[in-house]
Amino acid sequence: MAEKVAVLLGGTSAERDVSLLSGAAVLKGLKEAGIDAHAIDIRDFPAMRLKEEGFDKAFIALHGRGGEDGTLQGVLEFLAIPYTGSGVMASAITMDKLRSKYLWQGCGLPVSPFVALNRAQMDAGLDAQLMTSIDALGLPLFVKPSREGSSVGISRVNQASELQAALQEAFRFDDEVLVEAFLSGPEYTVGVIGTDILPSIRIQTASEFYDYDAKYLSDETQYFCPSGLSADQEAELRELTIAAWRALGCSGWGRVDVMMGADGQFYLLEVNTSPGMTSHSLVPMAANQAGMSFSQLVARILELAD
């Protein structure tokens, strides 16, 4: 009897619209691969009902909180339904940029200089010591919520007078915020499928940084795959990807984002354990470069579900 697969999409996070697009593409690809797949929007369908509705596996096409942060993974573990992507712990950690950075630092892996702030510090007013630490990062800099994806809530700060507004914007989305030093780029991303490392992609955007519009809406963002790195640089990036992936305990599939600094070194940005699968998405692009069609890609990801 064929497996019945739930493609979990939509949800209630700030990335709902992107998830709906990803889920629709995944559903189409799975059906093309001959898989009995069904779209399930967990905003309207309680995940606890998946077992009683006869689903054997779950393809997680959710992004952001509630779908990518270990919450749903825990429910699926309880139901004993195999699912795509990383487990509970790795999903929770990778959703949290701050704790990902702490872990990478502890493993001796390169991350951009940063200052962590919480809401209590913000409400009390940033003291002289914190401001000195932020000033030491230089300008421009980036302000990011710790636990959001798709560049939601991120601002680039070019002048000191812009910092307060950027912090207020980031704190709309989370109680913890990162203030990061600017890295000149370019930005690279590397897909991981099981034990396979996909070719790197170089991202070139017309905007100040790779924000939500550049990721999902703009036709001016350029993607280069092959990325133009030398063989030695590609090997270095591959090894960094593997080290970052393993340090956070990731499994299944995902994407590691890095930035190159002015010193020519790679610095880790974040790991996505449920990357976008839209027409602008990067893992399908890299998989295609490696000779894998979209339907082959989603079928392979589903095979890795456990």
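Each residue, glycine too, has its Cβ placed from N, Cα and C.
Feature annotation from Swiss-Prot assigns domain 'ATP-grasp' to 101-303. The ATP binding site feature in Swiss-Prot is assigned to 134-189. What Swiss-Prot lists as Mg(2+) 1 binding site is ASP257, GLU270, and the listing cites sequence analysis. The Mg(2+) 2 binding site feature in Swiss-Prot is assigned to GLU270, ASN272; the stated evidence is sequence analysis.
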Packing count at ASN272 (Mg(2+) 2 binding site) (other Cβ atoms within 10 Å of its Cβ): 25
Nearest of the binding-site residues (ILE134, GLU162, GLU169, GLU176) to GLU270 (Mg(2+) 1 binding site), judged by Cα-Cα distance: GLU176
Whole-number mean of pLDDT values that fall within the domain 'ATP-grasp' (101-303): 92
The one of GLU169, GLU176 whose CB sees the fewest other CB atoms within 10 Å, among these binding-site residues: GLU169
GLU162 (ATP binding site) CB neighbourhood, other CB atoms within 10 A: 16
Binding-site residues (ILE134, LEU141, LEU183), the one with most neighbouring Cβ atoms at 10 Å: LEU141
Secondary structure at GLU169 (ATP binding site), reduced by DSSP to three states: helix
Residues near GLU148 (ATP binding site) in space but at least six apart in sequence (CB under 8 A): ALA14, GLY64, ARG65, ILE154, PHE173, ASP174
Cβ packing number for ASP257 (Mg(2+) 1 binding site), 10 Å threshold: 20
